[in-house]
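Notes for the one structure printed next.
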C-alpha cells in the first residue's frame, strides 16, 4: 500500500525500522454496523474454505482451533500465534482497512522470521462473524473463542447489535467443542454485566470461577496484548474479565 501526499511525496506504509506496517495508513472508524449489508465473499459450507490460501504451511490434519472475533489490529492474534505455535488461530474482522492491516502485518512477520516457521499459524479473514460463522467452522471445531473489547453499542436501540446475545450464543455453542472456552474482556462495566447475564442464562455455558480464570495461562495476555487493551492500560481504565466453558 502506498500513500501520496499533496506534495506528491510517496510514503510507504511499512516502517523502515521495524519492517512492519504502520497503522496510520490504515485508519478507519472505530466500529462498523454489523447489520448493514456489507459485501462479503463467504463459503457455502466449512468444507469449501480454502484454508491453504491463508496458511500456506498448514498440514492436512490441521484445522483452525482458536478464533479471535473482532480481532482489530491483530495484537492479540499475534500473541496467540506465539503462545501456541502448534495451534491454528484465525482473526475475524469486519472493517476492511483494519483487516488489510492485519494481513499485511502477518505477511511482514512471516518474512522477518523466514526459515523459522513462525507466524505461519495465524491469519485474518474479513467477514461478519455475526452472520457467517457456521459457514467457516464445522460443529464442535473450535477450542477457544475470544471477544475482546467488543463494540458496546451504548444506545438501548442498538443493544441487538451486540455480539453477545442469546441467538448468537447458540451459534457459538455450535462451532465450539464441549469443554471449549469463551473469553470475554471489556472496559465497559454495563457491557460486562450484559455478557455475564446472557451467558449465565444460556444452558450451554458455565462461568469459570475466579481462581480457574486467573490461573489460565492466557488470562494475563488478555489485558494488554491487543491494541484496545493496551490503550485501556495507558488510560488507567478498568478491565472486566469473564471466561465461560461450553457444556
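Each Cβ is built from the backbone N, Cα and C atoms, and glycine gets one as well.
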- [ ] May I ask you to find which of 54, 148, 208 Swiss-Prot records for the S-adenosyl-L-methionine site already listed with 70, 93, 94, 128, 129, 226, 227, 228?
- [x] 148
Open item on the list: Given the binding-site residues 70, 94, 129, 226, find the one whose Cα is closest in space to the Cα of residue 151 (active site).
Closed with: 70
